[in-house]
Amino acid sequence: MSGTLAKIAEIEAEMARTQKNKATAHHLGLLKARLAKLRRELITPKGGGGGGPGEGFDVAKTGDARIGFVGFPSVGKSTLLSNLAGVYSEVAAYEFTTLTTVPGVIRYKGAKIQLLDLPGIIEGAKDGKGRGRQVIAVARTCNLILIVLDVLKPLGHKKIIENELEGFGIRLNSKPPNICFKKKDKGGINLTATCPQNELDTETVKSILAEYKIHNADVTLRSDATADDLIDVVEGNRVYIPCIYVLNKIDQISIEELDIIYKVPHCVPISAHHRWNFDDLLEKIWDYLKLVRIYTKPKGQLPDYTSPVVLPYCKTTVEDFCMKIHKNLIKDFKYALVWGSSVKHNPQKVGKDHTLEDEDVIQIVKK
């Protein structure tokens, strides 16, 4: 472990010394690729299989979405968690034998949302310290990350936490780079760019790929990409997660300062202690989770509006809906009747490929 850490420190030092300009771009790209590989070694231990029993820190995924809370001790993260769970919770904290993440489950707009505390991510978890690795594995499965900051010293903390998460291959509030990358058996490296590139040229791309021992590949850049973007695509294990910055302790600042904070993107100011502005926070959480609620209607009865079937926004076909209820449902599926904004007339007969929208009502007709 320590050998890898020393190498990482060495490369980071060299990158800090190197001036950024056209001439050094290719060298910096190479260093970045080396760094990414070393970091991956830290979070995925060498040797076959995962850690033995007792290593795990998996929290069973319950509910429709999972939110991870990250923050320094003393910023009021636990107060926020317990007050949110206290106000909106339907299940008290349950027995946890493993580790320290005690999740709460809150019900909001009919969806069950799991709240997880992600302790110990900060400061050196990405260097493999402590239980960092297991916590990260859980962080990567979250649908949304909330970074809790103290409104009196937000920026320093924000930078540190973002760096830690970035180091684990978690990309916040960003989309996968628009780069198409295909390995092949021969023919060298072919680079095509559909728009002007500021950072990547053939030489830089070749040197980054050579670092991964890739000498034959087709690379198409469909946006102005950076060396980091290319490395993300080659590494292939990046997760893209939306993130909200929760600025706590607003009872300690002036109204003028509050007005400024409100203009910062992805930010919600709150007071965990006084439970101020929780509704705003929940509304933003709901926006960022992009969940889709579908109400079921048994034949000859009114729709059940109390417990929707909740789907993630990227999987909202009638087939996805059936799978969420029971995998055998799709075998007997004949057609569905749908009322709501996804259809032109109510009800409309649809097949299993029809895409549903939030608050549609559905009745499944079996063969």
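Backbone N, Cα and C atoms are what each Cβ position is placed from, and that goes for glycine too.
Record features, source TrEMBL:
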- 65-290: domain 'OBG-type G' (DOMAIN)
- 290-366: domain 'TGS' (DOMAIN)
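Per-class residue totals from DSSP over the domain 'TGS' (290-366), listed helix then strand then coil: 8 helix, 34 strand, 35 coil. Across the domain 'OBG-type G' (65-290), mean pLDDT in this model comes to 85.
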